C-alpha cells in the first residue's frame, strides 16, 4: 500500500520543478523569492506569478479533484474500473460549458461555475435516477456509460457545426492548464472545495456499503443519501477539474487504484491518498509535456493519457497476477 508521505514528497518536488521549468527558460531556485512580490517591470516575476504559479495550482487542484472523485465513485459502485469519465460526469461538465458558448453566452472566470456545475449535476441526477431503478452498482456504471457516450456525441456535434466559435477552446477540450488565470483558478476551487466536503461526508456511509446494500441498510445507512452525497461530490469535483484542465481521462481511474495498492483502506483515507496521487499524476503530465519536446508544449490531456494508459495496464496486470 502506497503511504501518504511518498505522494506528498513527490508533489513538493514536482511543484518546484513546475515553477522553475518551462516556456521562458529555466529559472534559478532563488527566483521563488519573487512570488510574493508585485513588479510589473520584472519579466521573471511576471513569468512566475502570472503563468507558472496559476498553471501549477490548476494542475494540483484538477488532479486532486479527479483522484478524489474517482475514489468516491469506485467506492460507491464497488467497481475499480469506475471513474468520473466513464460515468459521464466530466462530459456533462464540458457539455455545460460548450453548450453555453454554442448558445451565444460569454463564459470565462467565475462565469464557468454555473454551466460546468449544471452539466455535471444533470448527468449525476440521471445516474442517480437510473441507480434507483436498477438498485445496483453496475446499474450506475452502465447508465453512466450510456450518458457519457451521448454527452460526448452532442459535444462533438456542436464543435463540428461551428468549429470557428470554439477555436480558442481547442486546447482546453483536449485537456490543458496553459491558459489558466486567477479567475479561472478561483472558479475551479469554488467547486472543488465543497466537493471535497461532500466526499468526506459520504466516506463513512460508503464504508458501510462496502459490505453490500442490504448489510448497509441493516446498519441504518441510507443508501439514497449515500448515493446522493457521493454523486454530488463526484459532480462538484469533476466540474471543478473540467473548468481547470478540461475533460481529462485516466486520472480518476488509476489514482484510486494506486492509492489502494494490494490491500483495502477506509474510504476517507483512500480518497485522501487518491487525491494526492491524482495531483501528482496531473502535475507530472504537465511538467513532462513542457519539457519532452524542446520548443513544443504537449497538452496535458495527451501527456496524461500517455502516462495513465500504461499505468492502467500495469495495475490491471498486477491485480490479475496477485
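Cβ atoms here come from the backbone N, Cα and C positions, even for glycine.
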**Report entry** Annotated transmembrane segment segment (source TrEMBL; candidates 57-73, 210-226, 227-243)
**Finding:** 57-73
Requested in this report: Would you confirm whether the transmembrane segment (57-73) and the transmembrane segment (173-203) meet the contact rule of 3 or more C-beta pairs below 8 angstroms, pairs 6 or more apart in sequence?
Outcome: yes
Report summary line: Among 110-132, 139-161, 173-203, the stretch with the most Cβ pairs under 8 Å to the transmembrane segment (85-104) is 139-161
**Report entry** Residue numbers, six or more beyond the limits of the transmembrane segment (173-203), whose CB comes under 8 Å of its CB atoms
**Finding:** 50, 54-55, 57-59, 61-62, 64-65, 68-69, 71-72, 76, 94, 98, 108-113, 116-117, 159, 166, 226, 229-230, 232-241, 243-249, 266-268, 271, 275, 286, 297, 299-302, 304
